[in-house]
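Noted in Swiss-Prot for the protein shown:
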| type | residues | note |
| --- | --- | --- |
| ACT_SITE | C383 | active site, nucleophile |
| ACT_SITE | H520 | active site |
| ACT_SITE | E522 | active site |
| BINDING | S13, D151, I152, E153, K191, T192, K193, P194, T195, Q196, K227 | CTP binding site |
| BINDING | S13, K191, T192, K193, P194, T195, Q196, K227 | UTP binding site |
| BINDING | S14, L15, G16, K17, G18, I19, D71 | ATP binding site |
| BINDING | D71, E144 | Mg(2+) binding site |
| BINDING | G356, L384, G385, M386, Q387, E407, R473 | L-glutamine binding site |
| DOMAIN | 295-547 | domain 'Glutamine amidotransferase type-1' |
| REGION | 1-270 | region 'Amidoligase domain' |
Amino acid sequence: MTKYVFVTGGVVSSLGKGIAAASLAAILESRGLKVTLLKLDPYINVDPGTMSPFQHGEVFVTEDGAETDLDLGHYERFISTKMRKANNFTTGQIYESVIRKERRGDYLGKTVQVIPHITNEIQAFVERGAASATCGEPDVAIVEVGGTVGDIESLPFLEAARQMSLRLGRNSACFVHLTLVPFIATAGELKTKPTQHSVQKLREIGIYPNVLLCRADRRIPDDERAKISMFSNVPEDAVISVWDVDSIYKIPQMLHDQGLDELICEELKLTARPADLSIWSEMVEKLENPKSEVTIGMVGKYVELTESYKSLIEALRHASIHTSTKVNIEYIDSEELEENGVDSLKHLDAVLVPGGFGRRGTEGKIKAIRYAREAKVPYLGICLGMQLAVIEFARDVVGLKDANSTEFDQDTPNRVVALITEWYDREGKVEKRTEESDLGGTMRLGSQRCPIKPGTMAEEIYGKDVNERHRHRYEVNNRFVPQLEGGGLIISARTPSEDLPEMMELPRSMHPWFVGVQFHPEFTSTPRDGHPLFKAFVEAARAHHEASVEEKV
């Protein structure tokens, strides 16, 4: 039978519940247990797909095409279990499901209320999510409850967790509460009162935490832990200090050293072998002892909130681990390039243009792409970054000066990138869309396998085929491919059913390393293995850096 660990948060948001939950999962998995994770989001949006990256951060896409919270990316990076649509649900989905049932008459004329109907639905979603785990029936399902204790939006989720714990019985569920212990500089001391109040609030709604994870910018002294223990009625050995570190991949070892996994196993009566975190120690060792260093410029319009590119940043860190190369990322606002030109790019060892939507900042990205192509600087374009690379090539090499995407200019005569109106989904069914379609859930989403053209750089990186995740509406227009190929551009991978361009590159006779991909490879990168495309990109950046140093000498 699956046992549950509910992870809640208090005092403030953004303390790192997702990292804490993923780290605990990693330790339990290293003990031989089958683990899955779920994220409950209290917002009323059905999913984060149409939310602004400035508001929500990155949208993480699962293998089965769900647009989910970025914490699911952390989950996949920390454990081997793959996430699915059922691993993340929102208040919007819960209410949508309950209202649909009410309209069908499933409640037999009863008054539909938050308790029991909404809370029962939440419990059903949690159990269904755990049961659908890709690892088979999990020993442990770790359930992260979004928001903070005291938020009105989170109350139904917390009540559902309380009811579920009671229903499942002793040793079947436990609660881990992540809370803030701030350091007040003027007083020169850590303050435990916010944590005391947070636990008190949790207890008021009937939840008694088994473990406290106390976040601070420094290690919390034992006397402060004892104080927290006394006022929160949590045993002192279950008051765990979680301090700031320079790499999230150090956190599993930090939590294990303080016995978190043993506490959970004891509380849930789980029998498991000792934890083996050697792989995490090795990763941290490689991360901290690089043999070379490169600087990569990430050119985007959401650079003020780097959470918008979370998986991409982590994928570069993974490549750093596996190439023994320190990767410094410079975030470059594409709108500034439109105004000030590309001089700010000239010290970079490589340029990366990530995915995005909308016209704003696109001409700045195109300037960056032209610079990378002409200066022979390694370039990687992801999703929109590939589309803009094709547009730049069409304009500046092929000579189609007004080439554009219909996303930005409906009237352009040279629609090099356009909206595809019909395609096959993962089940082989025909999906259709138009400019007037709803934004939510109308993109090409999820994993798709496609063959790679022999003799290309793509084949060197991936092998015979590629299986990556998608999130986009617009595609490179096949009508212009002959002209693009006539200019030297290579379409190195295509979808098998619709024959749509999935990868492009320039031959080495034109550029040492210039690659664009329509999919999002960052979603499948893990610290354990890295990702072949990002490793190749970092190696190309390193080669460019070394060549530049030799030229200066």
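Placement of Cβ uses the backbone N, Cα and C atoms for every residue, glycine included.
What you see is a predicted model, and the numbers here were worked out from it, not measured in a lab.
Apart from S14, L15, G16, K17, G18, I19, D71, the ATP site neighbourhood in this chain, defined by C-beta within 8 angstroms of the site C-beta centre, holds G9, A20, A21, H74, E144, L178.
Taking the Cα atom of each, I152 (CTP binding site) and E144 (Mg(2+) binding site) are about 17 angstrom apart. Cα-Cα distances to H520 (active site) place C383 within 10 Å, out of the recorded positions K17, D71, P194, C383, M386. Counting other Cβ atoms within 10 Å of each Cβ, the lowest count among the binding-site residues L15, M386 belongs to L15. Counting only the Cα atoms, the space from G356 (L-glutamine binding site) to T192 (UTP binding site) is about 42 angstrom. If you draw a 10 Å sphere around the CB of K191 (CTP binding site), it holds 15 other CB atoms from the protein chains shown. Each residue in G355, F357, C383, L388, S405, V417, H472, Y474 lies on the same chain as G356, L384, G385, M386, Q387, E407, R473 and has a C-beta within 8 Å of the C-beta centroid of that L-glutamine site, without being one of the site residues.
Here the binding-site residues are K193, R473, and the one with the most other Cβ atoms within 10 Å of its Cβ is R473.
According to its DSSP assignment, E144 (Mg(2+) binding site) is in a strand. Counting every protein chain shown, 11 other Cβ atoms lie within 10 Å of the Cβ of S13 (CTP binding site). Site extent for CTP: the farthest pair of Cα atoms among S13, D151, I152, E153, K191, T192, K193, P194, T195, Q196, K227 sits 31 Å apart. Within 10 Å of the C-beta of H520 (active site) there are 22 other C-beta atoms, taking all protein chains into account.
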